[in-house]
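Undergrad: My structure is below; once you've seen it, I'll send some questions.
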Amino acid sequence: MTEATYYFIGIKGSGMSALALVLHDLGHQVLGSDITQYTFTQKGLAAAGIKMLPFDPANLKPGYTVIAGNSFTDDHPEIKRAKELGLTIYRYHEFLGKLIEGYTSIGVAGAHGKTSTTGLLAHTLSGVAKTSYLIGDGTGKGIPDSKFFVFEADEYRRHFLAYHPDYMIMTNIDFDHPDYYTGFEDVYDAFETEANQVKKAIVAWGDDPWLRKLKAKVPVYYYGISDRDDFQARNVDRDTKGSSFDAYFHDQLIGHFFVPLFGEHSVLNALAVVAVAHMEKLDAKLIARELGNFSGVKRRFAEKDLKDMIIVDDYAHHPNEIKATLDAARQKYPDKAIIAVFQPHTFSRTQAYEPQYVQVLSQADQTFLTPIFSSAREKTGKIRSEDITAQIKGAAVIHQEDMKPLLQYHNAVVVFMGAGDIQKYEKAYETILAEE
């Protein structure tokens with residue numbers, strides 16, 4: 001790839017910032033625009049010296065190659081200006097689809113577990129061979145002359161159909177975007193279409209009934225804990241230090257593996273990584289070494305200690321993700337009370353999953369909900385957080401300006417979950433806890 005100047009419209013988006021970092025590492029000039037409000041991704045961009053500008057059509061210059069975030073429509077002033085200047089314009093997924101062509105590429109798709117699995121795979125392969133990667137938590141690394149390129153493949157609006165990877169891990173299929181997909185059949189159709197673009201093999205979770213139906217031109221290997229899975233985890237042991245298991249491929253032992261991660265899903269994610277490494281004939285002992293020193297990805301069970309409290313920040317916003325996060329908290333802290341603070345994400349999703357939210361949030365020892373986080377597409381709805389708390393014993397709605405109800409808990413774990421701006425609630429709690 002010859003050196004170029006890439007201009008990102010929406011550079012602070014999690015995928016966009018990761019891609020900007022990859023191109024910067026590969027020796028290109030990179031800059032971009034976004035809102036001025038602080039976003040967690042800009043820390044990495046600033047550290048790399050990548051210029052972030054406020055939106056302004058005057059930013060665009062002749063010779064730039066433009067990469068536009070998928071949330072910006074063609075009538076955005078900067079996109080219009082880029083067209084006037086005759087600049088080459090790519091959408092994020094289109095550009096990524098081109099970029100991965102020069103590598104042994106491994107995508108990770110699925111409604112849940114994408115970022116955690118991509119992060120684990122990127123970390124593990126990086127310790128064994130030259131690996132470039134793009135993770136949905138805003139982390140990206142471009143290594144010149146890489147063998148592997150690991151990337152997160154998002155099914156939203158069928159964007160992942162821009163990718164033709166060598167391998168694809170599919171963690172699960174779920175009806176997670178009711179604003180775009182019409183139902184499970186529609187989501188399955190997208191995954192099957194993508195499966196038929198994979199060049200070497202698919203690694204799919206064996207307990208997902210939809211993934212079990214996959215028909216593809218390449219082999220589909222299933223991973224899980226049952227005897228019918230191709231890659232099987234046996235002798236699983238989960239304790240307060242992490243999770244360990246023996247990995248088998250068709251009854252042949254690959255090796256023993258440990259990850260310092262928590263929750264049932266962590267074993268599955270690690271097994272998927274082992275499966276890809278096994279197909280690429282990588283040394284199982286080296287893979288075990290790298291899995292054992294993984295430290296996690298941003299906003300996935302990110303922990304801190306303050307006073308006598310453990311505070312966890314997690315991106316979980318779908319019922320299955322909340323269940324997995326609370327399960328992880330119970331595994332790591334079996335003797336502490338688990339307090340859930342959840343910010344529902346969008347009215348349509350909250351309404352679609354109301355009974356499931358009630359069920360999974362009831363697993364916590366105490367539950368608080370913030371008001372619903374609305375998206376740019378959807379400002380109001382027919383449901384309120386109070387509709388959910390009313391169905392959970394002892395649950396209540398909590399507001400950023402009054403986090404005092406959390407001060408009654410001591411020597412406990414508070415798990416903040418959400419995909420919106422839940423961090424501002426966490427920050428407000430930390431402020432009053434520190435002052436107490």
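Glycine residues also receive a Cβ, built from the backbone N, Cα and C atoms like all the rest.
Residues or ranges marked as ATP binding site by Swiss-Prot: GLY110, ALA111, HIS112, GLY113, LYS114, THR115, SER116.
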Undergrad: Sequence gap of 6 or more, C-beta under 8 Å: which same-chain residues meet both conditions with respect to THR115 (ATP binding site)?
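TA: Correct list: ILE135, GLY136, ASP137, GLU152, VAL297, ARG300, TYR315.
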Undergrad: Restricting to the chain of GLY113 (ATP binding site) and a gap of 6 or more, list residues whose Cβ falls under 8 Å of its Cβ, or answer none.
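TA: Once residues fewer than 6 apart are set aside, GLY113 (ATP binding site) is near THR171, ASN172, HIS265, LEU268, ASN269, ALA324.
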Undergrad: Quick check: in three-state DSSP terms, what is THR115 (ATP binding site)?
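TA: SS state of THR115 (ATP binding site) = helix.
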Undergrad: Around the ATP site recorded as GLY110, ALA111, HIS112, GLY113, LYS114, THR115, SER116, what other same-chain residues have a C-beta within 8 angstroms of the site's C-beta center?
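TA: Checked against the 8 Å cutoff, the neighbours are VAL108, THR117, THR171, ASN172, GLU321.
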Undergrad: Which of GLY110, ALA111, HIS112, SER116 (the binding-site residues) has the most other Cβ atoms within 10 Å?
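TA: Per the Cβ count, the most surrounded site is SER116.
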Undergrad: Suppose we draw a 10 Å sphere around the Cβ of LYS114 (ATP binding site). How many other Cβ atoms does it contain, all chains included?
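TA: Excluding its own Cβ, LYS114 (ATP binding site) sees 23 Cβ atoms within 10 Å.
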